[in-house]
Amino acid sequence: MKLLLLLASVLCLALIVSARPSDETTDQESSTELSEDTSDSYHQEEDTSETGADAGTEDGNSEDDSSELESSSEEGHEDGSEDATGEEGGAGEKGEAGEEDEAGEEGEAGEEGEAGEEGGAGEEGGAGEEGGADEEGSAGEEGGAEGGEESPVNTYHQVHNLLKNIMNVGTKNNYLKSFILARLQERLMNPTIDLVGSISKYSKIKECFDSLADDVKSLVEKSETSYEECSKDKNNPHCGSEGTRELDEGLIEREQKLSDCIVEKRDSE
């Protein structure tokens, strides 16, 4: 029994000893396989990561390109919208400006038309007034000459027109002419008009004015001669008044004669 146990023990030891190298080999092989598998897995992971990175880069580039295209399209759309809006705004402004110009032209044309109508009306009114005055003067003259209907207004118009014609002197020297007209206005026109304002029949006093125009013309010519003589003295600054002194005195006498005639004719039957 002891021998059997000893043999069994030896066999067991032999088996154990013989089995240990194979296990180590197996362990080495298994560890080698594991390391190879790990290396392969690591390489696969690197390849996968590189592939993923490349894919991610490509995707990023694609996304960037897509975003750039989208932004470009959006900018183009915005630019187009702005251009369209600008064109519409420009067209609107041009349209408004055109309407304003047309309205301004129509307003100016209307104002010019109104001004023309008013001017035409004014001219027609002036012409009518002048025509009426001429007709009244002509009618007054005819009435006075023919002994028709007369009035103080008619007498006033007749005398006023007659004196205006007398005051239309032909003196060439304007300085002297201003003195002559002032003398005629003061000494002849004003007192005579005041005197005839209440006379109804011009025909009664008409003959008092027969020689008045010639008498005044003679006095004016004498004043022109006196002024020329006075002007020879370059140091005399009073030739205007000195040259018309005789005219002033002569008009006083002539107006007194005219007034006496008018009063006499007015008071006669």
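Just so it is clear, glycine is given a Cβ too, placed from its N, Cα and C backbone atoms.
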From the candidates CYS239, CYS261, select the one that Swiss-Prot records as forming a disulfide bond with CYS208. CYS261
Express the predicted model's confidence over the region 'GE-rich region which mediates binding of Ca(2+)' (38-148) as a mean pLDDT, rounded to an integer. 43
Which residues in the same chain, at least 6 apart in sequence, have a Cβ under 8 Å from the Cβ of CYS208 (disulfide bond)? LEU258, CYS261, ILE262, LYS265
